[in-house]
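Quick notes on the structure that follows.
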Amino acid sequence: MKQLHLEPIACIDGEINIPGSKSISNRALLLATLAKGTTTLTNLLDSDDIRYMLASLEQLGVQFELSDDKTRCTVQGMGGAVSASTAQTLFLGNAGTAMRPLCAALTLGQGEFTLTGEPRMEERPIGDLVDALRQLGASVTYLKNDGFPPLTINATGLNGGDVDIAGDLSSQFLTALLMVAPLAKGKVNINIKGELVSKPYIDITLALMAQFGVDVQNHDYARFEINPGQQYLSPGKVLVEGDASSASYFLAAGAIAGGSVKVTGVGRLSIQGDVKFADALEKMGADIEWGDDFIIARSAKLSGIDMDMNHIPDAAMTIATAALFAEGETCLRNIYNWRIKETDRLHAMATELRKVGAVVEEGHDFIRITPPVKMNTAAIDTYNDHRMAMCFSLLAFADCGITINDPDCTSKTFPSYFAEFARLTQEA
């Protein structure tokens with residue numbers, strides 16, 4: 001197994017333009033496919049999740065041109081549903097942002113589609129989405145375990161109707177349903193059961209759908225109405241914002257050991273909820289400066305916080321490791337959906353924090369962290385989870401350094417992460 005040892009680092013300083021958002025990249029690729037007209041996406045993320053989506057679209061006959069650096073993609077829209085005359089099997093790795101939306105989108109046309117992935121994908125639930133699609137007339141069959149991939153879709157189009165979907169597990173289910181609803185044969189009313197997690201991710205979906213000319217009536221996130229007869233129309237160009245979750249590691253580094261760190265590509269005008277990570281850092285005591293398309297973090301004395309993190313579950317992981325550099329206890333609440341991500345992140349985070357000496361209480365949907373008086377060095381397991389690797393890179397600011405096992409797992413969202421981290425710390 002490959003390991004990366006990070007020697008103790010005293011300071012970080014500089015500026016970084018954050019690669020495109022994974023969430024926006026894959027949503028925009030799918031909407032551009034369903035749209036009428038040609039769409040050029042710029043600042044597209046080049047990472048594993050996006051490559052799985054592009055490979056699947058290519059296999060389905062979607063025509064696109066990708067620049068040499070893979071960050072600019074021009075998509076010839078299909079002007080509606082994707083169909084296939086022969087049975088298709090699509091391999092989607094561990095890319096939830098490809099699996100969930102494609103599962104929904106492929107019910108719209110005609111044909112037989114089988115969706116498979118890595119072993120971890122077979123442990124990531126999709127049952128709530130499939131149940132909702134079945135309520136609208138879709139034929140979906142599980143190939144192994146009920147409620148989980150792999151699965152086969154026998155597509156004949158989606159009817160309209162009323163559909164109930166649980167809101168408390170993953171916002172990706174609702175995102176997938178929202179994106180296909182305008183192309184159903186009749187009006188779709190989506191009713192949310194329970195509290196909706198990760199609302200800001202739904203805002204991203206609604207903003208992009210509006211950019212492609214589709215209207216959704218949002219009744220306070222409890223009910224969504226989507227009228228039939230709508231068509232996605234290419235806006236011509238779509239700029240993919242920098243990934244706000246990826247920005248969180250550099251902002252936290254600035255708060256712990258700046259200097260000052262300026263991230264560009266996200267800011268006050270961002271459609272991503274994860275920019276609110278900077279507010280959480282500010283609550284801890286960090287010096288934060290906002291611009292329309294940048295955020296600057298400077299170091300200050302940090303204190304522990306007790307906070308509901310339901311609105312920023314991905315970026316909240318970064319607070320868990322930043323908490324090691326704060327005075328007092330930190331408690332992150334309402335984060336159950338960490339458990340169904342790339343790995344069970346609640347268990348993984350608790351396990352690895354204990355290795356460096358933290359006292360950790362792992363609850364059903366919360367984590368409570370008391371930093372150690374003196375941190376231990378350790379070899380951190382990353383569980384094939386990009387965010388675990390990036391979060392624990394912050395322990396390079398401890399005076400003992402840190403070792404990251406399987407550092408290349410960052411290829412899921414940020415292949416050049418450790419190179420950029422080294423660049424800013426070297427400049428310091």
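Glycine residues also receive a Cβ, built from the backbone N, Cα and C atoms like all the rest.
The active site, proton acceptor feature in Swiss-Prot is assigned to D314. The 3-phosphoshikimate binding site annotation in Swiss-Prot covers K22, S23, R27, S170, S171, Q172, S198, D314, N337, K341. The phosphoenolpyruvate binding site annotation in Swiss-Prot covers K22, G96, R124, Q172, R345, R387, K412.
Shown on the structure are the features that Swiss-Prot records.
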residue	record	Cβ contacts under 8 Å, 6 or more apart
K22	3-phosphoshikimate binding site	L45, S47, D49, I50, T97, D243, S245, K412, T413
R27	3-phosphoshikimate binding site	T97, P101, T175, M179, I204, T205, L208
G96	phosphoenolpyruvate binding site	M121, R124, S170, Q172, K341
S171	3-phosphoshikimate binding site	L196, V197, S198, K199, Y201, I202
N337	3-phosphoshikimate binding site	L169, S170, V197, S198, P313
R345	phosphoenolpyruvate binding site	M317, W338, R339, D385, R387, M388
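The most densely surrounded of the binding-site residues R124, R387, K412 is R387 (count of other Cβ atoms within 10 A of its Cβ). Counting only same-chain residues at least 6 apart in sequence, those with a Cβ under 8 Å from the Cβ of D314 (active site, proton acceptor) are S245, S248, D274, K341, R387. S198 (3-phosphoshikimate binding site) carries neither a helix nor a strand DSSP state and counts as coil. The number of other CB atoms found within 10 A of the CB of Q172 (phosphoenolpyruvate binding site), across every protein chain shown, is 25.
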